[in-house]
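Here's the structure we're looking at; comments come further down.
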Amino acid sequence: MDAPVKDSPPAAQGPARVSRIRAFLLAQVHQARRSPVTLALVALIWVLGAVTRSLVDGPSADADAGDDLLAQVGAGVQSLSDGHYWTLLTSALFATDLATYVASSVLLLVVGTLFERRHGSLRILWMAVVIQAIGAGLGVLAIAAGSLLDWTWANDLAAEFAVGPSMLIAGLLMAFSGGCSGLWRRRIRLTVLTICVVLLLYGGQATDVLRMGTALTGLVAGVLFLHSGERHFTARSSRRETRILVALVVAATALGPVLVALTGGGSIDAPFAAVGLLYVGIDVESGVSLGVANTIMALLPALLVLVIAAGLRRGRAFAWWAGIVMHVLLVPIGLVFMIAYFQSLEELGDDLVDDGFNYVAYLLPLVLVPLAILIVLLATRRVFTVHAPVGTYRRFGLLVLSTFVVLWALYVLVGVLLPGSFVIGVPPDGGTPTVGDFILDFPLQLLPNGYDEVIGPDLTASGGLAGLVADWAPVVFWAVVLIGMLRTFVTARVLTRDADRARAREILQRCGISTLAYMTTWEGNSYWFSADGGSYVAYRVEGGVAITTGDPVGPAGDLERTVDEFIAFCHDHSWTPCLYSTTEATKRATDRLGWPSLQVAEETVLRLGELAFSGKKFQDIRSSISRARKAGITAEWIVFPDAPLAIRDQIEAISEEWVSDKALPEMGFTLGGIDELNDRNVRCLIAVDADRTVHGVTSWMPSYRDGQRVGWTLDFMRRRTEGEVKGIMEFLIGTAALDVQAEGAEFLSMSGAPLAQANPDAELTGVQRLLEYIGKTMEPVYGFRSLLKFKAKFQPEYEPMYMCYPESAALPRIGLGISHAYLPQLTLGQTVRMVGELR
């Protein structure tokens, strides 16, 4: 039993706390010294703001009073025409108000510090000057070009002066992305460009144009001067990344008009200014005071889209369908708005192009934006396959229906009791409504406030209790809908064959001695049980082929009978059986049936009896362990679901980075990923330093005999690509072997290396020669042969893994089925990129 920890007396706690604060402050000062240019830049912004009295309301712009500082420091067409070329730089040193000064300083400190610590003070200095000058210059030139073409929007912008550090921040962040890993490079670029494009299209101010210019300049600068030697303009997304990116695009269409409407910073001439009619309504766009309830109802379309985006981020199929329905409805609504505008123009006698303002171009995005979102959703349908538990949407539907009925009854009841508080039409000229009017009107009260041009309620409440119910009953209803939808998106699905999976686990813990047996518990497997219930086979059907996940699991003496019964089961369903990644024992069971077989992988196994990593042949392993320890890196066992959030986030980021730099998606089937770590029976060994930075991670699946864990199999293996310490994987695997040896384990398997053999000079059949060729060809993409060579450092025993199939004629179909099992989401574009990698 551990000794109890005694609390320190108050007298001791005080000095200790002061010491910790002092150490923290000293550490911050030390870190600050590593970013002198960033600190100087932030200080310069505040000093200039204070000296010019611009901190509260920005640079003065009173030309009549002779105090037009904005024209002297802000970038624009007019300032450059006057020869004020320095404004391309000074425009980034001022802001429009105090809140912007504070927010910009925080962002600049973060971005500048990251940039300067990685690339140095001299580089951030000259790149900041170049990016700001060229980017702002390009923005001004773009405005001038539009003005020459007599574009109304550009003409308005030509009279503006742009200031704001956000221009420089966007450019530096885009440049910084050039030196990042593929995953973060793509995330940074997409996020920054999305924000810049949204602000440009919906806000449409001069600062937005110049910010877009600096962002694009920073992108080019990063590629030219900070590149990491990898592809920069093309990168593949994993399914998780694709979901995030689609959700971001969908959310941006709603957030743009919301932010512009609420901040009042948009221009009516902005390209997508009219789209706000779809998402926030004309009253909110115009700044009309509506009250809390009416404002919420006006924002309802945007809130719905944001909730749908939250579901898309989680890959929910229901969110995809909801997004489709939502945007299908928005298209005709946009058309109605367009027609209404055109009719108003006709009544007023105005032309479609009036004083340079093109109403067609202004209104066309009302239809084009939802159409574009529909195309994006349809193109990415395959990644939204996550379903809620059975019955979730039935319960959700009942909740929505019951809420609707209760609120409807309440609305009608208040109307009947207080008929004088409602009028038909606009008070005071409207008539008194009947019970039937109340019944028919409530569904119309649920529509967004901004859709009166399409359809709206007939009754108007005069205030009091009637006004309270009329205003807030729709808000309550939609709150139930939105919150309910969010809850369905975060609820994990209960497996439809949960009982089968539990039954399989029971057998596994008694008889799961094979190294791949635990993979049978993974998502995607179906289960067949032998007649006596003592054995099972995990399989999946691809293209009419029933592909097993490793050997049958059960008593060794029942193996042949289990194989025979499973084959009969497949024949009953007109499937072609394929026993995949099996051991020699299963191969012997199919040999007696005359089945052909192929070696598809080479498994590497360490017998732990006397393992010590001593002698010259283990020099690399010992060196790696010693090197990691000298660097302050230790090995730590964790269970992923119970690990601290910071550790889980790092592991997920390392995995996503590894996936993003591949020409093909992350493979599945017998190759686990992050999802397979989320299992409390799976152990992870991570390499962490004193700062709790994860440098590498391995996961280990148990093998059982009579309920006892007798071995462990390596599955997930990732390391941080930017790590400075070499041999992290050797350190982790070597440490794992010694640790589980001390626990009494009999063996440790480093799993199989697909399409690789320990003895490539062995005599091969025609089909095996084909697999050998495929393995060599695929090496640049996945490196399975390099993996086998790496595992050879541990001097393992080699055990072949086989694919057993009924006849050679079935090989083409089996090959396609296995390919789809490993890469179910492979697209044509990814295939083209793969071919490019293999050249």
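The backbone N, Cα and C atoms fix where each Cβ goes, glycine too.
TrEMBL has this to say about the protein:
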- 37-56: transmembrane segment (TRANSMEM)
- 83-225: domain 'Peptidase S54 rhomboid' (DOMAIN)
- 85-112: transmembrane segment (TRANSMEM)
- 124-145: transmembrane segment (TRANSMEM)
- 157-176: transmembrane segment (TRANSMEM)
- 188-203: transmembrane segment (TRANSMEM)
- 209-226: transmembrane segment (TRANSMEM)
- 246-268: transmembrane segment (TRANSMEM)
- 288-312: transmembrane segment (TRANSMEM)
- 319-342: transmembrane segment (TRANSMEM)
- 362-384: transmembrane segment (TRANSMEM)
- 396-418: transmembrane segment (TRANSMEM)
- 475-495: transmembrane segment (TRANSMEM)
- 506-805: domain 'Phosphatidylglycerol lysyltransferase C-terminal' (DOMAIN)
Report summary line: When counting C-beta pairs under 8 angstroms to the transmembrane segment (319-342), the leading stretch of 37-56, 288-312, 362-384, 396-418 is 362-384
Report task. Counting only CB pairs under 8 A, let me know which of 362-384, 396-418, 475-495 has the most with the transmembrane segment (288-312). Result -> 475-495
Requested in this report: Let me know the model's mean pLDDT on the domain 'Peptidase S54 rhomboid' (83-225).
Outcome: 90
Report summary line: Per the Cβ under 8 Å criterion, with at least 6 residues separating them from its ends, the transmembrane segment (37-56) contacts 69, 93-95, 97-98, 101, 104-105, 108-109, 112-113, 115-116, 121, 124-125, 128, 165
Query raised in the report: How many of the residues that make up the domain 'Peptidase S54 rhomboid' (83-225) does DSSP mark as helix, as strand and as coil?
Result: 118 helix, 1 strand, 24 coil
